[in-house]
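Structure first, then comments.
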Amino acid sequence: MSSTYTENEKSSLKKEDVSVGVISDDDINFHHEDVVPNHERRQIGLFSAVFIIFNRIIGTGVFATPSSILHLSGSVGLSLFMWVIGAIIAAAGMQVYIIWGSALPKNGGEKNYLEYLFRKPKFLITSVFASNAVLLAWAAGNSLVFGEYILLAADVEPTRWTLRLVGFACVTFALLLHGLALKWGLRLQNFLGVFKILVLVFIVITGFVALGGHMKVDKPHNFTNAFEGTTASASSFCLSLYNVIWSYIGFSNVNYALAEVKNPQRTVRIAGPLAIGVVAILYLLANIAYFAGATKDEITSSGRLVAALLFRNVYGPKAERALSVFVALSALGNVLSVIFGQGRVNQELGREGILPFSKFWGSNRPFNAPLAGLALHWIICLIIIFALPPGDAYNFVINVISYPLSVINALISFGIIYLAFFPYPDWPRVKLPALIAAFFFGAVNVFLFVVPFIKPPAGADPYTTLPYWTHAIAGWAVFGIGFLYWVAWAQVLPRVLGYKLRRVEEIGKDGLLRHVFRRVKLDEEEKPLATSTALHTRALDFVRTPQK
């Protein structure tokens, strides 16, 4: 099927999004490429894909969480073993995302996978995912770590308000840079991406120096009786895993841009395992470095400054302050990377008509950057930074983000198992090893969202002032807000105002084919709806037609 357009129509379509027709909700084709065929747009190759994953994974987790993991696990041996377990879980998770990315090579990640699995009630899973994407303050925790390390470097006591204000300055700088000067933001982000890898390598080298006995203090001998003091608690084990998995979050990063990846099925199968393997080795060596350079008591009392502690014990106090700047810059790089991505998630939710005031959130004005989408994430981060006690804020951010993600990961993992037995016609065959990885990853994530309701043993509480179950309740509250939004947006308002939500396939100014929500009057509801294939053909016909 094809169609022709007048010159006036073509001129109009150049200026605004191209609406190619209303589509039946039951006829959505999840396999159509997001990008209308344009070889110039597929610019992400294998090396870039590896770096996209690498840059997103390495943030502040490996610098800031080892103290909490040691406190919760109780011993050096179990603490190191937790990082190995985390690597295995991340590898299994990467396999899950490889399956989904190969089956649905589109931009959007989990949103597409959940919509593919849960098609009824209509639009419910979309609303729940939107709530999860918008309401979680991904950049807040790393902004606070930036504050702690930069204040240490400046020899300033990190009080409650100084820490909050420096965290505010960090996330605001990221907002303004990516919202007002996008090219410079990307340049700084890429530079810091390389820089933080070098910082991690330098920590590993420092560990070897400590193992050789070249230290300003006595050797800690942590590897003698390494499992002494091990905590036998499911709750503590779960919270330790949260901290480790937080440090590996980002292995799915390339799945959000698969429509722009060259040969996406092949690229994701190579880039993911390669990035996970390199990161796992660096993480394990960095933790060995920490234990080689400081005692257990020093590490558990250092909070999020364990990297600075290593530098002080090996090179002296002056080096500690100087090298703390490096870790702070690494944290800034992660904040830039996170807010860059989350701003675009918010923008896409706006462009698809899911958020209220969608045109505002989906706008690229005034500097051809998603300033409004970035500002939405900035607001959520500020609420966390200023509302929570600084001592608990970082751990809360880690746990409250990890909790809903565990639920989503469990759903898409067991979704693969379900589709192996009850597949949709367009679902590819998945081999047994991949199904085993999906089952393992799903089971781990079920453990991670059930155990937080079990009271931890004395001395293993995850927070100083907050109840131990705070993040679990907050995680389900986020999903609950998504459900309430669905009731209002997709059920109550259409009935009250006399319309029905329908998906419309549109080609945006960026050339991406989207399923956009539009209001359709009830008296137009009986008009014949085109099929997804027919609408996609019309879109291709338009872009292939020479335009003046």
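Yeah, the Cβs are placed from backbone N, Cα and C, and that goes for glycine too.
All TrEMBL annotations are machine predictions without curation.
Source: prediction; values computed, not measured.
Noted in TrEMBL for the protein shown:
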TRANSMEM  44-64  transmembrane segment
TRANSMEM  76-100  transmembrane segment
TRANSMEM  121-141  transmembrane segment
TRANSMEM  161-182  transmembrane segment
TRANSMEM  194-214  transmembrane segment
TRANSMEM  234-258  transmembrane segment
TRANSMEM  270-292  transmembrane segment
TRANSMEM  322-341  transmembrane segment
TRANSMEM  367-388  transmembrane segment
TRANSMEM  400-422  transmembrane segment
TRANSMEM  434-454  transmembrane segment
TRANSMEM  474-493  transmembrane segment
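For the transmembrane segment (434-454), the most Cβ-contacting stretch among 76-100, 194-214, 270-292, 367-388 is 76-100 (pairs under 8 Å). Listed as Cβ neighbours of the transmembrane segment (234-258) (distance under 8 Å, sequence separation of 6 or more from its ends, same chain) are residues 44, 49, 52-53, 55-57, 59, 61-62, 65, 68-69, 72-74, 79, 82-83, 85-87, 89-90, 93-94, 97, 100-101, 105-110, 264, 267-268, 271-272, 275-276, 279, 283, 341, 345, 398-399, 401-403, 405, 444, 447-448, 451-452, 454-457, 460, 462, 468. Among residues of the same chain six or more beyond the transmembrane segment (194-214), those with a C-beta under 8 A of the stretch's C-beta atoms are 54, 58-59, 62-63, 282, 285-286, 288-290, 292-293, 307, 310-311, 313-315, 323, 326-327, 329-330, 333-334. A Cβ distance under 8 Å defines the sequence-distant neighbours of the transmembrane segment (367-388), meaning residues of its chain 6+ beyond its ends; these are 134-140, 143-144, 164, 167-168, 171-172, 175, 178-182, 339, 342-347, 350, 360-361, 396-397, 466. Between the transmembrane segment (270-292) and the transmembrane segment (44-64), the number of CB pairs under 8 angstroms, six or more residues apart, is three or more, so the stretches are in contact.
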